[in-house]
Amino acid sequence: MAAAKVFLVCVLVGAAMADRAPSYGPPPAPAYSPPPSYSPPSAPPAAAYRAPQDLAPAKYDFDWSVKDDASGNDFGQSESRDGDFTEGSYYVLLPDGRLQRVSYYVDGDSGFVAEVEYEETNQGRYQAPKPSYSAPQPSYQPPTPSYQPPTPSYQTPSSGYQAPRSG
C-alpha cells in the first residue's frame, strides 16, 4: 500500500513538472534596407609608391673583446666600413691553446674575402687537474650483536589419547 502511495506521488510530481513547457516568443520581423550604392570614387587615390631617398654612404667603426682568465675565454672583433668597402677581423682562443684570427674585407660586389691565420700562444687551456684530496679513511666499526639466542618456550607434548585395545 505504501509503495502505491509513493508511486502515485511520483506520478503527480512528474505531471506537474511536465506542465511547464518552454515558451518561445514569435520570431522577429525581417528588417529590409535599401540596396548598397556602388558609385565610383570622386577622386583617384593617391599613389602609395615613394621614390627611394638618397642616403649617405654607410660609415662606421666598432670593436669589442672578451678576456676572462678565470674561464679561459678570449675572443673579439673589430670592423670598419666606408661606403661599399668593409674590412675587419675577429679572433678566438681555441681549446688547444692556438689563437685563430680571421681577417676579411668586402669591396662593393667582390664578395666576402677572408684570410685565416693561427698563432701559437703556449697557453694550453685544458690541462689535467691535479688531485686535491686523499682517499678517505673508514670511520665505522663492525656492529656488535644486540641479541641473545632464543631459548625454547615449549614443552614436550604428551599424548592425549589412549591406544586402542585389541580385543
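The backbone N, Cα and C atoms fix where each Cβ goes, glycine too.
Not measured: the values here are computed from a predicted model.
Pulled from TrEMBL, these are the features on record:
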COMPBIAS  24-44  compositional bias 'Pro residues'
COMPBIAS  60-70  compositional bias 'Basic and acidic residues'
COMPBIAS  139-152  compositional bias 'Pro residues'
REGION    23-88  region 'Disordered'
REGION    120-167  region 'Disordered'
SIGNAL    1-18  signal peptide
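Taken residue by residue, the region 'Disordered' (23-88) breaks down under DSSP into 0 helix, 24 strand, 42 coil.
Residues of the same chain that sit 6 or more residues outside the signal peptide (1-18) yet have a Cβ under 8 Å from a Cβ within it are not found.
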